[in-house]
């Protein structure tokens with residue numbers, strides 16, 4: 001017997017296989033290492049190839065102010081009346097505006113709230129208010145500021161935000177500009193309004209729209225810009241999210257998500273807003289009042305001020321006033337704007353009213369052009385950020401593949417459950433999958449670990465997004481938890497999963513050799529074995545199947561395996577294999 005064994009098994013293989021041809025633990029480990037290295041090499045390469053360079057320098061920029069006092073004062077040799085807040089009582093009336101979207105012909109009936117000073121003599125100046133992000137109405141927006149401006153003699157107009165059928169990601173900015181200009185022209189037509197003294201008040205997102213409006217209507221008398229974005233949406237939002245991820249205490253790894261996300265070529269989806277050009281001279285060619293809050297974590301203030309001044313000066317406009325208000329957020333509120341009744345920054349409304357009155361009377365400003373708290377910016381605006389088409393296409397393919405195969409795998413799993421229940425009822429012991437050599441249990445472990453990593457990734461990203469929203473509203477986010485420790489944990493789990501896949505592949509190769517699968521081509525060529533003979537020989541070599549005893553089990557295994565590998569490719573895309 002020992003002589004027959006020595007003839008059938010080469011002496012060189014006795015040390016790493018047993019008498020049945022099964023590999024020893026050491027041989028499996030040695031065979032798994034190069035497979036693991038290759039798989040990790042592929043995933044690490046993908047993470048590096050999809051990485052997006054991001055310049056954070058210069059950091060901690062400051063723009064010093066010339067005075068801590070935000071008050072706006074003027075020379076007034078002729079004693080032109082400059083009204084104080086509350087001088088006039090305010091009357092309110094509503095009207096409707098028919099807003100047409102030129103590109104589609106859509107019509108939105110917009111409600112407008114007009115506030116007028118009661119008893120104000122002569123033709124008055126007017127202000128039209130422009131909404132920031134969201135879905136503001138004439139009744140829930142700008143009530144305090146519009147009332148303040150009316151109380152010093154301005155006619156004000158606040159309208160429902162023109163949105164039509166658009167969403168936050170595909171707003172029609174040029175069409176919105178035409179609607180707001182329609183309101184300005186309405187104000188000009190009023191008998192109690194001086195048509196040459198109508199200005200605008202824009203905040204946050206609407207400062208992109210105001211650029212279009214001023215380009216098309218250079219007769220606007222002045223503009224008040226609250227937390228102007230200045231840079232394109234891609235650059236401005238990229239700055240905002242990257243900065244706030246850091247403030248929220250998120251792991252640095254999540255910054256790679258920001259870089260890749262804001263490198264999406266949205267033009268592929270017909271979305272051009274991220275790259276609109278609003279840094280144009282007409283946008284700052286009129287007298288401009290710029291207001292920032294020191295707790296604003298959404299706006300690039302230092303570079304924003306520098307760009308505004310540069311554009312204004314290039315347009316021949318040196319009438320720019322900048323004010324920075326302490327302890328106020330993105331919309332100049334004190335505290336968390338998610339809470340009702342949050343007040344505006346101290347003296348802000350008075351400063352705006354005083355500045356606007358001086359402008360319409362043509363007075364010479366005596367207060368400093370840049371005043372208030374020191375203007376600060378933590379990181380640079382990522383102006384090199386751009387849409388990357390190849391990266392976007394790869395992202396679509398990988399994520400779509402993962403979703404499709406996951407759905408198919410889940411559907412097959414549900415079918416398997418139904419089949420199992422039916423067989424239990426019928427007392428049929430035939431297996432649904434019939435996995436052999438432990439592949440079923442291994443697949444469950446790998447799938448469970450991969451899905452757990454995906455859920456952890458979603459949880460970490462979700463926590464930092466919640467923190468980002470709180471920061472945007474001026475609130476204080478909860479201490480970083482899962483958004484901090486989840487990244488390295490996911491990296492560890494995914495590395496273990498890759499190791500498990502390398503063991504699976506090696507084990508499949510081992511089982512194939514035990515069954516003589518790799519000798520089939522030679523047998524067919526040399527001995528002319530038929531299909532029946534080959535199957536009989538394979539069963540003689542090893543009665544167990546290589547993978548599963550049922551076709552359903554084989555199909556399910558490979559569908560699930562591809563789905564799990566697609567998830568690894570998704571992780572690699574977002575940079576989880578950069579160590």
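Note that Cβ sites are derived from N, Cα and C of the backbone, with glycine treated the same way.
Automatic prediction, not curation, is the source of TrEMBL annotations.
Taken from TrEMBL, the feature transmembrane segment applies to 29-54 (among others). Remote same-chain residues near the transmembrane segment (29-54) are listed as 23, 242, 255-256, 259-260, 263, 382, 384-385, 388, 391, 394-395, 494-495, 498-499, 501-503, 505-506, 509-510, 568-569, 571-573, 575-579 (criterion: CB distance under 8 Å, separation of at least six residues from the stretch ends).
Panel annotation: around the transmembrane segment (393-422), residues 50, 260, 264, 268, 428, 432-433, 552, 555-556, 559-560, 562-563, 566-567, 569-570, 573 of the same chain, lying at least six beyond its termini, place a Cβ under 8 Å from a Cβ of the stretch. Residues or ranges marked as transmembrane segment in TrEMBL: 393-422 (among others).
TrEMBL lists 443-473 (among others) with the feature transmembrane segment.
Summarising the annotation, TrEMBL assigns transmembrane segment to 485-506 (among others).
Sequence annotations record features per position, and here TrEMBL assigns transmembrane segment to 555-577 (among others).
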Are there residues at least 6 beyond the ends of the transmembrane segment (555-577) whose Cβ is under 8 Å from a Cβ of it, and what are they?
40, 43-44, 46-47, 50-51, 253, 256-257, 260, 394-395, 398-399, 401-402, 405-406, 408-409, 412-413, 416, 433, 435, 439-440, 443, 446-447, 450-451, 453-454, 457, 487, 490-491, 494, 497-498, 501, 547-548
Short question: which residues 6 or more past the ends of the transmembrane segment (485-506) have a Cβ under 8 Å from it?
28, 31-33, 35-36, 39-40, 43, 251-254, 439, 442-443, 445-446, 449-450, 452-453, 456-457, 459-460, 564-565, 568, 571, 576-577, 579
